[in-house]
Every structure is written in structure tokens, then in C-alpha cells.
Amino acid sequence: MATLNSSSTLSSTFYLTGIPGYEEFHHWISIPFCVLYLVGITGNCTILHIVRTDPRLHEPMYYFLAMLSLSDMGMSMPTMISLFRVLWSISREIQFNTCVVQMFFIHTFSSTESTVLLAMAFDRYVAICHPLRYATILTPRLITKIGIAALLRSAFAMIPLLVRLAFFPFCHSHILSHSYCLHQDMIRLACADTMFNVIYGLVLITVLWGMDSLGIFVSYMYILHSILRIASREGRLKALNTCASHICAVLILYVPMIGLSIVHRFAKHSSPLIHVFMAHVYLLVPPVLNPIIYSVKTKQIRQGVLHLLFPTKISSAMM
């Protein structure tokens, strides 16, 4: 019993890792991370503010965009404090309970973002294939239900994995590979049978992300079929342009996620820098690039940003 208690005590503290081999440059490396977090938070908060305050944007497409911004921030912001504590040499320690909470937010909101992207694909499908029924299908009530369902589905799916972690002894190294906690990083430190977590995690990715990606693919098959039936070239290009931002958002989320999964599953003995780089790309690129892409490609959002920055000039131009 004394040994068990000692093991439990030891396993309550873990140690985060910054950029391996570049510890003396951590303070300088923190500068671009500060810029990226600042751009991501500012961009997503701007999108949320514009959608909330501009009555012209109270439409399904922009409500889903607001959900995407919330998911982006929910996925990236939990890592911010622990990352800068490591880079600024404040502390590398993180308690097990804090680690579990951080994992919950990262994995829940990344899965939620995937579901939101599926909802946005459905939105584009209805807008292009059934434009006359757009307002009657995508009602505010349905949009609210989709948002709640996306969050609850992702949250409940993560609970068995995290509850199971509480029963694992961590009697070997307590050094994590990243400056924040990921489930796939945590279970490799457990000195117990982790088969359930490994299989359940694979099933979770296959089912949740697989269903979302399949739904997005099918939606775009119907969209493409409908676009090809448009007679004019200008009409086809205009319809495709309304989907460009969403396609970019899908690629920005899925490509780093697939890359990170491949690195963790099949490149365990590769350079630690590759693991660190892929993890940061996965968590930071979507929140930074999504607001920029939608501000550039979506006229209404672009006008809202310009009106926020130059209210007098934009108001005069519109008059």
C-alpha cells in the first residue's frame, strides 16, 4: 500500500517540453508564438464581434462561422499558459488533473471543429442545391441544435478516455513530448495495459472524424453536380467561390491532424522536433488562418472588418 501511494504521488506531476535542443533560445522562440496567438485571438474575436453586431450577418452561414471561431479558440487557448510557462522558464511542471482538463479542451474542441465544418458543408449544399428552401431548412432553432449536438458529441466521446487515464500508474518517465498535454502523448508514459485507450482512440478518430469527412465529401459531390448544371461560366465560378473559404478551412484542420496522427503512430522514433512542429501546426494554424481566409474571401466579413477599423471612411463610402 505504501508503494502504491508513493507511485500515485509521483504520478501526479508531469514535466512539459519546449523546443528540444533549443532551450537557450526559448525566450526568442516565444516571440513568434506570441504573435501567432495574438493574431489568432484578435482575428477570431473580430469575427465573433462582427457576426454579433451586424444584422446583415445574422444568417446560417455566419452563425456557423462564429461556431468555427469559438472552436478555434477553445482548441488553442488552453495551451497558451503552459506553452509560455515553458518558453519563459517559469515552470515545466503540470499537475495530472490540470493535464486532463487541458486534454479535454484540446481534443473536444478539435472534434467539435470538425463537426462544425460538416455543418458548414451542409449549409453550402442547401444554399447551392436548394436555394429557395434555404431559410426554411436552416432555421435558427436547427442551427442551435447543431451547435449543441456538435459540442456534446465531442465532449461525451472523450470522457471514457480521460476517466481511464486516472487509473493508470505512471511509474517511469513523467516527461511529456510537448508544452501541453495530448492523450496520445500521455498514454505512452503509462506502465499498464493501454490497449483500451489505443483502440478506443483509433475508433473515435475513425468514426467521428471519418463520418465528418465523409459527410463533407458527399456534400461537395452534390454541390459539384449542381454547379456543373449551371449554364453560365460566371455563375459556376460565383457558386464555387462561395465554397472556397470552407474548403480551405477543411484542409487547414484535416491535413495537420492527419500528419500529427501519422507521426505519433508510425514515426515514434523520428526527431522530437518533428513531433513538436506538427503538434504546434495542428493547434495554431487553424485559429490563425481561418479568420484571415474568411476576411479575404468573404465580402461581408471583409466589409465588417473594414468598418470596424475605419468606421467613418466606410460609412461615408456606403452613403
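Yeah, the Cβs are placed from backbone N, Cα and C, and that goes for glycine too.
In TrEMBL, annotation is done automatically, which means it is predicted and not curated.
Annotated features in TrEMBL:
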TRANSMEM  28-51  transmembrane segment
DOMAIN    43-294  domain 'G-protein coupled receptors family 1 profile'
TRANSMEM  63-88  transmembrane segment
TRANSMEM  100-122  transmembrane segment
TRANSMEM  142-163  transmembrane segment
TRANSMEM  198-223  transmembrane segment
TRANSMEM  244-267  transmembrane segment
TRANSMEM  273-293  transmembrane segment
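For the domain 'G-protein coupled receptors family 1 profile' (43-294), the model gives a mean pLDDT of 89. Of the candidate ranges 28-51, 63-88, 100-122, 198-223, 28-51 contributes the most Cβ pairs within a distance under 8 Å of the transmembrane segment (273-293).
Within the same chain, residues 16-18, 26-27, 29-30, 33-34, 37, 40-41, 44-45, 47-48, 51-52, 94, 101-102, 105-106, 108-110, 112-113, 116-117, 119-120, 123, 140, 143, 147, 150, 179-181, 249, 283-284, 286-287, 290-291, 294, 301 sit at least 6 positions outside the transmembrane segment (63-88) and bring their C-beta atoms closer than 8 Å to a C-beta of that stretch.
In this chain, the transmembrane segment (100-122) touches the transmembrane segment (244-267); three or more CB pairs sit within less than 8 A of each other, excluding pairs fewer than 6 residues apart. Within its own chain, the transmembrane segment (142-163) is flanked in space by residues 60, 63-64, 67, 100, 103-104, 107-109, 111-112, 115-116, 119, 183, 197, 200-201, 204, 208, which lie at least six positions past its ends and keep a Cβ under 8 Å from the stretch. Counting residues 6+ beyond its ends, the transmembrane segment (100-122) has Cβ neighbours under 8 Å at 61, 64-65, 67-68, 71-72, 74-75, 78-79, 82, 94, 146-147, 149-151, 153-155, 157-158, 161-162, 165-166, 180-183, 186, 208-209, 211-213, 215-216, 219-220, 246, 249-250, 253-254, 257, 282-283, 286 in the same chain.
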